Amino acid sequence: MSAADTTAAPATRAPSNSYWRLVFRRLRRNRPAMAGLVCLVVVILAAVTAPIIAPYDPMKVSLADAYQSPNAAHLMGTDKLGRDILSRVLWGSRNSLKTGFFAVLWGLAIGGVLGSLALWGGRIVDAVVMRFTDVLLAFPGILLAIGVISWLGRGDVQMTLAVGLSLAPIFTRLLRASLLSLQESDFVLALRSVGVPRRQILFRHMLPNALTPLIVQATLQLGTTILTVAGLGFLGLGPEDPRIPEWGTMLIEGAQMIQTFPHLVLGPGACLVAIVVSVNLLGDGLRDALDPRVRR
């Protein structure tokens, strides 16, 4: 083997960048998306480390310290019971993020099953699934969640199930549309021509190729879901124990005194806006990174 051959061989064996590495490279070039990612990571770290970094017990009542404006001892002030707002915001982020994240996963799981069933089960099953999603989509998401919570009762698990159910028809329709677009693609037709079973084509080849829009939609829905969770808390459907910090509950408590003590709503309100904006920026960046054609 010549020297030229030995030097050229490694170049031919060098692996190309994987698809996900290329996606991350595109995402890194998107500054708004990276800013959203950094902000989201900061909020998640704050939520995870809340037991360590929170300066006070979020449920400790001190009537002598009630309605204090932001100061050195209480950076976000205190509420009507003298509880430290910063500590309650940090602990409240745990509830909001946990419920929002698992609600999206629950909705994604239901939507994935129904979307796959609609394509795999034939025309009758497809018609039944689509009419079911039409019925769910006829109700606003928060109204559907209120109905489910009123039936199941209040609690974190019930809220997760309720909000996730309101997201399910969105993922169902999206997955069904993605699978339908792949059904007549060349690689699917080739697999059918060589006798590959239909179930294997669906689960091993079509579903992995239909995940891109689901990932983007799930990221974007996370911000909406956190808003919905806060809205349910604002309506009094949050945790059963009113002492447990939750952003929506904090907002409704502060709204009653917003003109006199605006700091009561500034903390949870600013955090809610920050996380929703950061998730939306990250979702837009993921959409552009996964499918650069949408930018054209």
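Any Cβ shown, glycine's included, is placed from N, Cα and C.
Per TrEMBL, domain 'ABC transmembrane type-1' is recorded for 93-283. Marked as transmembrane segment by TrEMBL: 34-54, 100-120, 132-151, 214-237, 257-283.
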Fill in: Contact yes or no, the transmembrane segment (257-283) and the transmembrane segment (34-54), 3+ Cβ pairs under 8 Å, gap 6+
yes
Worksheet item: Between the stretches 34-54, 100-120, 132-151, which wins on the count of C-beta pairs under 8 angstroms to the transmembrane segment (214-237)?
Response: 100-120
Discussion item. How about long-range neighbours of the transmembrane segment (100-120): same chain, 6 or more residues beyond its ends, C-beta under 8 Å?
Written reply: 126, 129-130, 132-133, 159-161, 163-176, 179-180, 183, 198-199, 202-203, 207, 214, 218, 221-222, 225-226, 229
Discussion item. At a C-beta cut-off of under 8 Å, are there same-chain residues at least 6 beyond the transmembrane segment (34-54) that contact it? List them, or none.
Written reply: 27-28, 84, 86-87, 90-91, 93-94, 97, 271, 274-275, 277-282, 285
